[in-house]
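What Swiss-Prot records for this protein:
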ACT_SITE  H115  active site, pros-phosphohistidine intermediate
BINDING   K9, F57, R85, T91, R102, N112  ATP binding site
Amino acid sequence: MEQTLSIIKPDSVSKAHIGEILSIFEQSGLRIAAMKMMHLSQTEAEGFYFVHRERPFFQELVDFMVSGPVVVLVLEGANAVSRNRELMGATNPAEAASGTIRAKFGESIGVNAVHGSDTLENAAVEIAYFFSKIEVVNASKPLV
């Protein structure tokens, strides 16, 4: 089973969309293997988005991500990375397919409801950034 990282961004948290977004993930067959609510510091946001540090939108992205609490999740399931990206929709909510998270809850390219890992390799790095191994459960393991 694959795992991927998802972040419910400050705009979705402040508008009380957490439950709806979690339901979308679970109804699609993805399981929640870890979850925490936190308010990112400037340093944490800069570290997480370090790969974008040379891009013109970097500071605006960091400022947005520290503007309020976020919910950080590890999602687990078959093809978790690609499934999560399909559920999220295009980065620009105006271009996102109807019914996707960003089409429903996003406002703009910068204020677009959720983040999701783009590759399995990046998912592993991003998960390790926010969670220790002991915090991530095997969500696909059947209960005894």
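Each residue, glycine too, has its Cβ placed from N, Cα and C.
Bear in mind that the values here come from a model prediction, so they are computed numbers and not experimental data.
Structural mapping of features recorded in Swiss-Prot.
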{"residue": "K9", "record": "ATP binding site", "contacts (Cβ under 8 Å, 6+ apart)": "F64, M65, V70, V111, N112, A113, V114, H115"}
{"residue": "F57", "record": "ATP binding site", "contacts (Cβ under 8 Å, 6+ apart)": "G110"}
{"residue": "R85", "record": "ATP binding site", "contacts (Cβ under 8 Å, 6+ apart)": "G116, D118"}
{"residue": "T91", "record": "ATP binding site", "contacts (Cβ under 8 Å, 6+ apart)": "R102, I109, N112"}
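Of the residues the record lists as binding ATP, namely K9, F57, R85, T91, R102, N112, the two whose Cα atoms sit farthest apart are 21 Å from each other. The most densely surrounded of the recorded positions R102, H115 is R102 (count of other Cβ atoms within 10 A of its Cβ). Secondary structure at the residue listed as 'active site, pros-phosphohistidine intermediate', as computed by DSSP, is strand. According to its DSSP assignment, T91 (ATP binding site) is coil. DSSP gives K9 (ATP binding site) a coil state; it is part of no helix or strand.
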